[in-house]
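Q: Structure incoming, see below.
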């Protein structure tokens with residue numbers, strides 16, 4: 001190292017300030033070696049002490065299987081559980097009333113009805129909206145709960161029964177159950193075309209009269225036992241009304257032909273196995289309140 005390099009790294013006292021420098025020089029500019037402010041040091045020390053105390057008191061360090069829990073035993077999950085318990089305790093009286101209430105006898109102006117609608121709306125958004133939509137308008141294959149077309153009945157008791165036991169599931173012996181045969185295995189192509197045209201004629205003016213007339217005979221022989229002689233449906237067995245122009249899987253000829261040939265088999269879980277009784281009742285009241293309830 002040259003004498004010049006050695007000199008540039010030797011500390012010395014700055015003449016202007018009287019403070020020792022670090023010995024570093026850049027283009028004639030030297031760095032003063034001032035000590036750290038006392039307040040800054042105390043803040044650093046306090047932060048270190050606080051951090052050590054925090055890691056001892058609260059969950060902090062990840063481990064191979066879990067993490068340190070802290071001596072206080074605190075957790076965000078525990079805080080949520082406390083909040084839920086406090087909420088449940090606050091509403092305990094209303095819950096007991098809801099469980100004992102005659103669902104059909106609740107008037108919209110009753111406090112209990114308003115509570116049930118509020119609670120049921122939360123349940124619906126969390127559990128039902130994935131299929132029926134956030135606004136309950138449904139989608140192809142998922143019923144619209146806003147209209148007055150009900151396969152199993154739209155009064156609040158029947159809605160509650162459907163919610164509790166579900167539809168065509170294999171987990172609840174009391175589930176609503178209906179099964180349309182796949183008529184593609186029973187009818188020839190012409191008969192399928194004919195009966196589809198007849199079904200179209202029930203709710204539309206755009207159809208072939210001669211084909212529909214032949215389809216009416218096919219319908220009477222194969223479909224009327226469930227859907228009724230006039231295709232008005234039967235709620236006892238969940239057979240839909242075919243004359244109201246409300247279609248779960250589509251009312252165009254292609255969709256109807258697919259339904260006739262292969263049938264449909266929508267499934268709804270038995271929510272009574274997943275929700276509390278009060279939640280089943282609340283969400284049933286909520287659905288009934290949407291406007292299509294009977």
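Every residue, even glycine, has its Cβ placed from backbone N, Cα and C.
Since the structure is predicted, the reported quantities are computational estimates derived from the model, not experimental observations.
Grabbed the feature section from TrEMBL, which reads as follows:
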type	residues	note
REGION	1-20	region 'Disordered'
COMPBIAS	1-15	compositional bias 'Basic and acidic residues'
TRANSMEM	39-57	transmembrane segment
DOMAIN	115-203	domain 'Cytochrome c'
BINDING	128, 131, 132, 268	heme c 1 binding site
BINDING	180, 223, 226, 227	heme c 2 binding site
DOMAIN	210-291	domain 'Cytochrome c'
Q: Mind giving me a neighbour count for residue 268 (heme c 1 binding site)? Other Cβ atoms within 10 Å of its Cβ, every protein chain shown.
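A: Summing over all protein chains shown, residue 268 (heme c 1 binding site) has 19 other Cβ atoms within 10 Å.
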Q: Where does the mean pLDDT land for the domain 'Cytochrome c' (115-203)?
A: 97
Q: Show which residues of the chain containing residue 131 (heme c 1 binding site), separated from it by at least 6 in sequence, have their CB under 8 Å from its CB.
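A: Counting only residues 6 or more apart in sequence, the Cβ neighbours of residue 131 (heme c 1 binding site) under 8 Å are 139, 142, 268.
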Q: Count the residues of the domain 'Cytochrome c' (115-203) that DSSP assigns to helix (H, G, I), to strand (E, B) and to coil, and report the three numbers in that order.
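A: For that range the per-state counts are 44 helix, 4 strand, 41 coil.
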Q: Once the chains shown are all counted, how many other Cβ atoms turn up within 10 Å of the Cβ of residue 226 (heme c 2 binding site)?
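A: Other Cβ atoms found within 10 Å: 18.
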Q: What does DSSP call residue 227 (heme c 2 binding site) in the simple three-state scheme?
A: helix
Q: What is the interatomic distance between the Cα atoms of residue 226 (heme c 2 binding site) and residue 132 (heme c 1 binding site), given in whole Å?
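A: Approximately 26 Å lies between the Cα of residue 226 (heme c 2 binding site) and that of residue 132 (heme c 1 binding site).
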Q: Count up the helix, strand and coil residues in the domain 'Cytochrome c' (210-291) according to DSSP, in that order.
A: 43 helix, 3 strand, 36 coil
Q: Which residues, sitting 6 or more apart from residue 132 (heme c 1 binding site) on the same chain, put a CB under 8 Å from its CB?
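A: Same-chain residues close to residue 132 (heme c 1 binding site) (Cβ under 8 Å, separated by 6 or more) are 124, 138, 139, 142, 143, 144, 145.
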Q: Could you measure between residue 227 (heme c 2 binding site) and residue 128 (heme c 1 binding site) for me? Cα positions, answer in whole angstrom.
A: 28
Q: Same chain, not part of 128, 131, 132, 268: whose C-beta falls within 8 angstroms of the C-beta centre of the heme c 1 site? Give them in sequence order.
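A: Going along the sequence, the neighbours appear as 127, 129, 130, 142, 143.
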